[in-house]
Every structure is written in C-alpha cells, then in structure tokens.
Amino acid sequence: MIFVYALLALVITFVLVPVLIPTLKRMKFGQSIREEGPQSHMKKTGTPTMGGLTFLLSIVITSLVAIIFVDQANPIILLLFVTIGFGLIGFIDDYIIVVKKNNQGLTSKQKFLAQIGIAIIFFVLSNVFHLVNFSTSIHIPFTNVAIPLSFAYVIFIVFWQVGFSNAVNLTDGLDGLATGLSIIGFTMYAIMSFVLGETAIGIFCIIMLFALLGFLPYNINPAKVFMGDTGSLALGGIFATISIMLNQELSLIFIGLVFVIETLSVMLQVASFKLTGKRIFKMSPIHHHFELIGWSEWKVVTVFWAVGLISGLIGLWIGVH
C-alpha cells in the first residue's frame with residue numbers, strides 16, 4: 001500500500017499543477033518581486049504563486065485514503081491537522097498579498113498568534129486528549145540524557161513549529177530551493193520513522209515526499225509556479241511536528257540545517273545593522289548574498305541541496321542511533 005500512497009500523491013500533484021497555473025494567471029495571482037533584490041529576479045514578476053495548494057491538496061486526499069487503511073492512524077490525523085492549519089495561515093497571507101494587493105500580507109503579530117494557536121491545539125490534542133503519545137522531554141543525541149519539560153514542553157512546541165515554519169518560508173526565495181530541500185528532509189524522516197517503528201509517520205513522510213516530487217518539475221528554474229506562503233509555512237510546521245512526534249527534535253537542526261542557516265543569516269544581518277549600521281552580507285537571506293557575488297541561481301540551489309543532503313544524512317544517523 002505504501003507504493004499506492006506514493007503514486008497517488010505524485011500523480012495528484014503532477015496533474016493539478018498544470019491545471020492550476022492557467023487559473024492563477026487568469027486571476028492575476030502573480031508574485032511581486034522586491035525591487036531591492038537581485039535584478040535577475042525581476043523577470044519572475046507575475047509568476048503564479050500559491051502553488052502550494054496543489055501539493056497540500058494531494059497530501060490531504062492521499063492522507064485521508066491512508067487513514068482508512070493504516071492501523072493506528074492517529075499520527076497521520078494529527079499531522080494532517082498541522083498541515084491544514086499552517087497551510088491555511090499561509091493561504092490567507094498569500095490571498096491578502098495577491099488579491100488585496102497588500103504586499104505586507106498578514107502582520108507579523110497576526111501570523112505569529114495564528115501559528116501559536118495551531119501549536120497549542122496540537123499540544124492539547126496530543127498530550128491532553130492523547131491522540132498520540134510522545135515524550136515531553138528533549139532527548140540529547142548520543143547520550144541517555146533527556147531534559148524533562150512536562151507542560152512547559154508546549155513552549156518548546158510553539159518555538160519549534162513557529163521557528164521552522166518561518167525558516168522554510170525564508171528559504172523559499174530561489175526556484176526549487178525549498179522544494180528540493182524538503183524532499184531531502186522528508187526522505188530522511190521517512191527512513192528514520194520506519195527504522196524507529198513509527199509506520200504511520202513514515203507513511204505520511206512518503207506522502208509528503210512524493211507530493212513534492214510531483215511539484216518540483218514545475219518549480220525548478222525557470223519556475224512556472226511558486227509554492228507561496230501556502231506551501232512554505234505548512235512544510236516548516238510539518239517538519240517540526242514530525243521531529244517532535246518521533247522524539248528526535250534535535251535531529252531537525254541537521255536535517256533542516258539549510259533552513260537554520262538561512263534564518264540565522266537574517267537574524268545576524270538585522271542585528272549587525274541595528275548595532276553597527278553595517279551589513280554582514282550583501283543581502284539576506286544568505287542565498288541572495290551568493291547571487292550578488294556572482295553565483296547563478298541554479299548554482300546556489302544545487303550547492304544548498306548538496307549541503308542539505310550531507311547534513312540530512314548526519315541528522316538521519318543521529319535519529320537512528
């Protein structure tokens with residue numbers, strides 16, 4: 001059945017994208033490009049966005065099929081809730097930007113509060129209503145040490161889900177970058193899940209992986225469609241949730257290392273400019289810095305994918321030992 005889920009997720013996305021692209025163009029759901037960004041990006045103005053709807057719909061449909069046939073499907077139900085929750089936040093943000101012609105979208109406060117709400121509901125469903133059982137301790141790799149947090153673990157969940165949701169969002173600035181890194185990440189978590197005996201989570205990772213594989217051909221350079229916040233916020237939230245449910249939270253630092261680096265580059269850039277008036281990078285997130293020093297977009301993407309693959313394998317090794 002795993003092969004069936006994989007094929008279904010792949011086919012649904014691959015078929016939906018070319019159907020959605022002309023619809024988005026007709027409705028003028030095009031991406032606005034920052035004028036201060038690399039000039040090579042200006043030609044992308046008007047490229048359809050909100051393409052994340054395709055793979056999210058594929059994930060929802062395939063997961064609902066899996067829930068019928070999978071024993072102990074509660075983890076899939078919970079992951080589906082997070083997918084829809086963070087995806088909905090991203091969709092509203094994209095809608096305001098594209099339809100209402102407000103480049104700011106949701107305010108940072110609105111987005112943050114909505115993300116916190118999803119994280120708290122996830123904690124309540126899992127640890128209060130016991131939809132799934134996972135530890136409320138953070139496990140330190142290569143040791144038998146676990147830091148117990150009890151109900152304070154909800155604070156960690158909020159930090160982890162909100163942090164990685166926004167990290168993937170920041171990374172989604174080059175054609176295929178976030179999609180490719182997510183494919184690598186879900187591959188690692190699929191393997192880890194099956195090794196750890198978490199079959200339902202493994203099946204969900206397979207669904208994620210193949211849904212994104214169906215999207216990638218349309219998203220690599222030159223991209224015919226962008227995933228938008230609809231896709232990127234959902235992907236980051238799902239990554240954080242999977243690491244939590246596997247009790248392998250810190251593995252995500254390696255499996256999502258490029259997302260972490262991208263986020264840190266923005267934080268360092270802002271802090272440096274506020275404190276010294278000088279910028280560390282030519283532009284942040286750091287993928288734009290490499291473009292501005294002369295790297296082609298495709299070179300940046302492939303190098304970052306390679307870094308993601310190597311660090312992902314390290315994260316996988318940490319998770320299964």
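If you go along the chain as it appears here, the first residue is 1 and each next one adds 1.
Placed from the backbone N, Cα and C atoms, the Cβ positions cover glycine too.
The annotation transmembrane segment is assigned in Swiss-Prot to 1-21, 53-69, 76-91, 112-133, 151-165, 177-197, 203-216, 233-246, 250-268, 301-320. The topological domain 'Cytoplasmic' feature in Swiss-Prot is assigned to 22-52, 92-111, 166-176, 217-232, 269-300; the stated evidence is sequence analysis. Per Swiss-Prot, topological domain 'Extracellular' is recorded for 70-75, 134-150, 198-202.
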Worksheet entry | Recorded stretch, among 53-69, 233-246, 250-268, maximising Cβ pairs under 8 Å relative to the transmembrane segment (177-197) | 233-246
Worksheet item: Is the count of Cβ pairs under 8 Å between the transmembrane segment (76-91) and the transmembrane segment (233-246), pairs 6 or more apart in sequence, 3 or more?
Response: yes
Item to complete: Pull the DSSP breakdown for the topological domain 'Cytoplasmic' (217-232) and write it out as helix, strand, coil residue counts.
Response: 8 helix, 0 strand, 8 coil
Practice prompt. Name the range, of those listed as 1-21, 53-69, 233-246, 250-268, 301-320, that has the largest tally of Cβ pairs under 8 Å with the transmembrane segment (112-133).
Written response: 233-246
Response to the item:
The answer for the transmembrane segment (1-21), taking Cβ pairs under 8 Å and residues 6+ beyond its ends, is 48, 51, 53-55, 57-59, 61-62, 65-66, 69-70, 203, 206-215, 217-218, 224-225
